[in-house]
Amino acid sequence: MSHDEFPTDELAVVTCGLPYANGDLHIGHLRGYIGADAFARALRTLGQQTAYVCGSDMHGTPVAVNAEERGVDPEEFALEWHEQYAETFPKFAVDFDNYGHTHDETNTELTREIVRTLDDEGYIYEKEIQVAYDPAADQYLPDRYVEGTCPYCGEKARGDECDEGCQRHLEPGEIENPTSVRTGNPAEYRERTHKFFRVSEFADYLTEFLDGLEGTSNARNQPRQWIEDGLQDWCITRDMDWGIDYPGTEDEDGDDLVLYVWVDAPIEYVSSTKQYSERVGSDEYDWEQVWKGDGEIVHVIGRDIIQHHTIFWPAMLEAADYNAPRGVAATGFITINGKGLSTSRNRAIWAKEYLAEGFHPDLLRYYLTTTGGLQQDVDFSWSAFQEKVNGELVGTVGNFLYRSLLFAYRNYEGTPEVEVSEEVSERIEGAIGEVRDSVNGYDLRGVGQATTRLAQFGNEYIQRNEPWKLTDDDPEAAAQVIRDCVQLAKAVAVLGEPITPGKAEALWTQLGEDGSVHDAHIEDALEAPPRHFEEPSELFEKIEDDRVDELETQLEARIEESASGSGSESSTATDETESDDTDEGQSESMTDEDDGTTASADADTDDLEPLLEDRIGFDDFQDLDIRVGQIETAEGIEGADDLARLEVDIGFETRQVVAGIKQLHDLDTLPGTKVVLLANMEPAELFGVESNGMVLAAGEEADLLTTHGDAELGEKVR
Ligand SMILES: [Zn+2]
């Protein structure tokens with residue numbers, strides 16, 4: 001199945017993964033909502049009639065657990081966050097056509113209707129399964145109420161997802177060594193009857209679906225692998241009372257059985273579209289035409305929820321006889337100063353913090369979209385932000401607009417009365433083509449860069465033609481150059497609208513245009529601007545160095561404060577549908593297996609890991625900053641069976657390191673021991689403790705490496 005290029009004659013809907021209504025919004029969220037907003041705007045600029053909808057995810061254990069911690073009712077708790085989100089998004093020019101929530105009547109009704117259809121069509125069956133249960137709390141432990149070990153990769157995992165390891169969705173009963181989040185007690189398994197959706201029957205359908213799916217490549221490749229590994233049916237009910245009741249049943253014990261949050265969450269995409277449709281009237285926008293007809297459905301999601309959107313969701317839509325998504329774009333992760341964004345460590349840029357600093361939302365929009373597009377990982381630092389703003393928005397775009405429009409105003413009181421040149425109109429047509437191709441390739445960076453390059457061309461054009469030298473000698477040539485520049489400025493407004501809508505609107509007004517640039521069509525970039533306009537002002541303001549220093553210092557202090565404060569706080573506190581805490585791939589045990597270099601001569605080599613065939617150069621070895629250190633403190637980490645927190649003096653400073661040696665050494669005897677430490681290991685966070693280096697050890701017993709002469713602390717191993 002291949003699709004006609006955007007714009008098509010069909011209605012389109014763009015959605016973004018629902019935020020769990022359980023905590024403050026941060027840059028990790030904003031990245032997705034801004035990206036999806038820019039994509040929806042870009043589609044509209046191409047002439048595609050598009051609705052951009054979303055809603056808060058009110059249900060599920062992420063909300064219930066947090067509400068319980070605060071001792072409030074989950075509905076009240078979630079509604080408060082919902083209202084805050086609905087207020088915050090527009091401040092970043094994230095303008096949803098509808099922003100609902102999963103607990104409202106529209107979604108509750110529609111969810112029940114769809115589940116009833118699945119049931120009527122024979123796609124749902126009952127099965128007895130083992131469910132984690134906390135006898136002390138007398139409570140079943142669905143999803144995030146339980147933690148343990150991932151059966152697939154062995155990493156620490158939550159009840160429903162292997163968030164720190166292989167990212168797999170986990171079914172109830174799958175997690176090993178289950179522990180209750182409520183009491184910290186080991187959980188027991190009890191038999192319960194639950195409802196299952198026959199996802200396994202959709203393997204062929206989904207394979208074909210993925211072949212035609214547009215969006216980002218990561219959203220196609222991962223699910224192909226999952227299908228190949230064999231699809232399991234999906235448990236769609238939970239033993240909880242917060243959620244949407246399974247239609248028509250209360251089970252025989254009178255216990256509550258609600259739908260798994262991942263059933264009603266994506267249905268909110270449909271419900272929110274329906275609410276929009278009901279508000280504007282179905283003549284204007286008919287939700288059924290989109291969701292039951294041939295509309296263009298595009299989902300923007302976090303990378304951690306690909307499985308839900310490319311396996312479960314399309315299978316559900318197909319089973320209920322709904323339309324299939326056209327595109328799924330899965331955003332990468334966000335790091336802050338090169339380290340994983342962590343809400344529990346306060347290593348994040350918060351939405352309200354950014355707003356309080358008084359930066360224009362378009363600056364962040366521009367940074368995020370032109371750095372990461374929809375798919376790439378984004379690193380944020382205040383200095384990189386400053387560099388992008390000062391270099392591209394102030395230096396290139398702002399500079400071109402101000403110098404050319406000011407010149408036009410002073411010499412012509414607006415747009416000189418000549419036709420735009422062939423060269424410049426061709427250049428604008430080229431930029432239009434770039435934007436079209438970028439939208440069709442789900443390439444937001446391309447959309448942003450097309451505008452910046454156009455402004456860059458404008459700067460070169462004005463520099464090359466030097467109109468200020470021509471006004472006396474060759475006034476016609478001068479008028480031509482400025483006429484061209486005003487046209488380029490108008491094109492910058494039209495093409496830049498999806499990424500920087502506020503600044504584009506201001507520019508539109510400066511050009512004396514009527515109406516709003518938000519309603520402009522991409523071809524308007526070639527239409528003549530109005531004859532007269534007022535004196536322009538500068539659109540972008542430089543960010544000064546000392547401001548950035550201050551922001552960097554604030555951030556560092558905050559992270560440090562949170563590290564020295566109640567560091568043992570559970571990391572389950574604030575996580576979202578959007579990917580955030582991204583210490584991915586860094587949580588391997590610090591001493592396992594990677595020490596094949598110390599095989600002793602008398603060992604039975606059958607038991608040893610084979611030597612690596614691949615040789616490395618001396619330069620590669622030089623990349624490892626290995627130092628002599630001395631353990632100062634060693635203590636176990638609460639809640640972690642194997643991990644110890646060490647403080648290691650390495651001459652220059654004392655490092656906190658997490659090592660998997662709790663069971664293997666008597667921790668009390670370790671202080672004073674000289675060790676060898678890999679100092680430039682990427683920091684990782686384990687059980688809420690930052691590990692800033694790796695103590696080298698050999699073999700399964702974690703035999704600590706040391707020195708035997710008088711090497712001083714901090715000396716390099718070479
Ligand atoms: Zn795993």
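Here, residue 1 is simply the first one shown, and the rest follow in order.
Every residue, even glycine, has its Cβ placed from backbone N, Cα and C.
Looking at 19-29, 41-51, 52-62, 63-73, the stretch flagged in TrEMBL as motif ''HIGH' region' turns out to be 19-29.
Sequence-distant neighbours of the motif ''HIGH' region' (19-29) (same chain, 6+ residues past either end, Cβ-Cβ under 8 Å): 56-58, 60, 62-63, 66-67, 77-82, 84-85, 88, 101, 333-334, 336, 341, 343, 348-352, 354, 364, 368, 380, 573-580. Surrounding the centroid of the Cβ atoms of CYS150, CYS153, CYS162, CYS166, where the record places Zn(2+), the chain contributes additional residues within 8 Å, namely PRO151, TYR152, GLY154, GLU155, ALA157, GLU164, GLY165, GLN167, ARG168. Counting only same-chain residues at least 6 apart in sequence, those with a Cβ under 8 Å from the Cβ of CYS150 (Zn(2+) binding site) are LYS156, ALA157, CYS162, GLY165, CYS166, ARG168, LEU170, ILE175, GLU176. Other C-beta atoms found within 10 angstroms of the C-beta of CYS153 (Zn(2+) binding site) number 13, with every protein chain shown included. Remark: of the binding-site residues CYS162, CYS166, the most isolated position is CYS166 (fewest other Cβ atoms within 10 Å of its Cβ).
Taken through DSSP, the motif ''HIGH' region' (19-29) splits into 3 helix, 2 strand, 6 coil.
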